[in-house]
Amino acid sequence: MAIQTSNLGYPRIGLQREWKKTLEAFWSNKIDEEQFLTTMKEIRLQHVKVQQEKGIELIPVGDFTYYDHVLDTAYMLGFIPSRFSEFTSYLDVYFAMARGSKDHVASEMTKWFNTNYHYIVPEYEEGLQISLKDNRPLRLYEEAKKELGVDGKPVILGPYTFLKLAKGYNEEQFATILKELVAPYVQLFSELHAAGAQIIQVDEPIFASLTKDEINQAKELYEAIHKEVPNANLLLQTYFDSVEENYEEIIAFPVSGIGLDFVHGKEGNVNAISKYGFPADKILAIGCIDGRNIWRADLDDVLSLFTTLQNQITAKGLIVQPSCSLLHTPIDKTEETHLTSELFDALAFANQKLEELVLIHSALTKGVESISSDLTTYRNAHHAIRSSAARNREDVKVARTSLKEDDFSRPLPFEKRYELQQVALQLPLLPTTTIGSFPQTSEVRQTRKQWRNGDITNEQYNQFIEKETAKWIRYQEDIGLDVLVHGEFERTDMVEYFGERLAGFSFTKNGWVQSYGSRCVKPPVIYGDVAFISGMTIKETVYAQSLTEKVVKGMLTGPVTILNWSFVRNDISRKEVSYQIALALRHEIELLESSGIRVIQVDEPALREGMPLKEKDWDAYITWAVQSFLLATSSVENETQIHTHMCYSNFEDIVDAIRALDADVISIETSRSHGEFINTLKHTTYEKGIGLGVYDIHSPRVPSKDEMFTIVEQSLQVCDPKYFWINPDCGLKTRRTEEVIPALEHMVQAAKDARSLLKTNA
């Protein structure tokens, strides 16, 4: 049986974030289109070359993008909203869809399944002519072949997942639109096959969570495609979970190979193969290296998996590959020499994961003895990190085992608390606030860099932060906001900032991953037991409050978001790590309260994204996620108002969970999703404080007062004015001052108009 190495996708951003820098230089007109395209080609080919040099046989092509692979697919198929029809060039249309423009609202952006990557949501419109507008995968396949002699593996987002992720149609239209996708996909696969593509990877991650009716519908789709292009070798790729419930149907699809996730879906996929076997005429692509985390693989465990599978199946061939695209991991760990040896030795970034694939391939084809020294190295690394003091703290263990039931609930129910809070805070009807951060200007970033490099003193840096804070407190007062924030000028990132101040975290120098577009994040590494050390936000928040008579919110990131936006140790459950973080935050919240801060926001934007793909697994996750939030926030007095914030999510699935958080006020992204959550609230009630975001902060355009007033008006049809707040969709860190101030002025005026309307109607 032939065994090959393969990769599902490579990080786009470049070892020194060249991709990000090129994008932003183009957007700011520092380079022209020709230079942009030339540089992007160089980066793209370099990524192929790295994989070639690492010994990967099936190298992905077409996974590279200028922004997002879902957006690439939408453009390729002609899913271009009519509001962008005035743009003529490819890049103008493409980036307008992604980012919006002065006069055009961007397409919606949301989380890619349960990851921290965001995709641009395809929009279907009536009368849309679906066709293969642009065979970009073919161009990239031919480019790699011509420039590097690499017969690559084209990577395509599959038609079923693509349409399921799209919006703008009703359920009755789905089957019809699906049939319309057959022709362009047939043309795409046919042209790739004719050009010599030996195997074509078709990503269908949504197959992990389909019903029987849906999987049968998808099978009919692939049968229709196969009928027209029977000779194209399609590898149907699933990831992020098992396909256990639909495995029997999936192995009957008319494709040449099937890729399964044996990391995040190991138990289910192994069970399915044990029960149903695997077709002898198909290739099995085994996702055995974790594409979503940064830890070295347990090679003994992986080789044991292959033994189990090889004893049960007689496939046409095997492919050794990651569990998903390596998009979700940093590129290379070699620069992280500042880390302790026990942590450094435990890590594997994208390039190291490629090396692991080659090691496994060697063991399978040449015998385990061919990697005996590597196995010893790996075993020693695993033992060193497991037995480290950082992973065996007695104080953390005692705190966890001492928890009682009343540690997870507030003393009084919401209605009674809110009455006390209204007396204490003296806020108007429809209070206005922001989500937390204000613009991180080049001056802010440069000053922080100087401080970190030791070029300025702590005192100089603190004076600068206080100056920025005071300036924005004045701005907020002048604008007329009701609840102010200190602006978070001291923070690089809403997770990294807290991780730097808690035990159990470590940080990379170059561990960047793409979040959305050119935005890259450097997730903390939770490698040990998490514990409180000292106050993290007290100084800045108390200083801001001293400057104003108005209420200033304390700003924290919640335990589940810190968990979901970090690379997390894999030797204990995520629930246990989340509880450790919650206990540390509980201490911080108590310190804020005792320092006179009466409104404390604990952001949980990542609560929804951490949900398992399968509905049957939701309850268990939601239970411990909600309990983590309650553990962090429930020790405050009734008069202290707890806020939380969420963004980028499909909220209709978790309305009950949002309610169970028992936050006094929740703010939710609304405008970018075109009022989707407002529609959700038409079918359910939410009887606590809520603010539905009235403008999209991800676009540079300044919305008018009337636009915001319309969203407020729509919101008040489903929300009780008594409990309604007015705020932007998200934090304003990435916007410019000249965009933020007029937008907030319009927002405050919209709030005043809404109050007048309520008064008139009353």
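Using N, Cα and C of the backbone, Cβ positions are placed for all residues, glycine too.
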Given Swiss-Prot lists His645, Cys647, Cys730 for Zn(2+), the same-site residue among Glu669, Glu676, Glu707: Glu669
Of Lys102, Lys111, Lys705, residue recorded by Swiss-Prot at the 5-methyltetrahydropteroyltri-L-glutamate site of Arg17, Glu18, Trp19, Lys20, Arg519, Cys520, Trp565, Glu609: Lys111
Residue from Glu394, Glu477, Glu488, Glu652 that Swiss-Prot also lists as binding L-homocysteine with Ile435, Gly436, Ser437, Asp603: Glu488
Close binding-site residues near Asp603 (L-methionine binding site), where close means Cα within 10 Å, chosen from Arg17, Trp19, Glu609, His645, Glu669: His645
Candidates Arg17, Cys520, Glu609 (binding-site residues) with Cα within 10 Å of Ile435 (L-methionine binding site): none
Count of other CB atoms lying within 10 Å of the CB belonging to Lys111 (5-methyltetrahydropteroyltri-L-glutamate binding site): 22
Recorded positions compared (Arg17, His645, His698) - the one with the fewest other Cβ atoms within 10 Å: Arg17
Cys730 (Zn(2+) binding site) versus Ser437 (L-methionine binding site) - Cα distance in angstrom: 9
Shortest C-alpha distance to Glu488 (L-methionine binding site) - which of the recorded positions Glu609, His698, Cys730: Cys730
Cα-to-Cα gap, Arg17 (5-methyltetrahydropteroyltri-L-glutamate binding site) vs Glu669 (Zn(2+) binding site), nearest whole Å: 29
Output field, L-methionine shell: CB within 8 Å of site CB centroid, site Ile435, Gly436, Ser437, Glu488, Asp603 dropped: Thr434, Val485, Met494, Met555, Gln601, His645, Gly731, Lys733
The one of Ile435, Cys520 whose CB sees the fewest other CB atoms within 10 Å, among these binding-site residues: Cys520
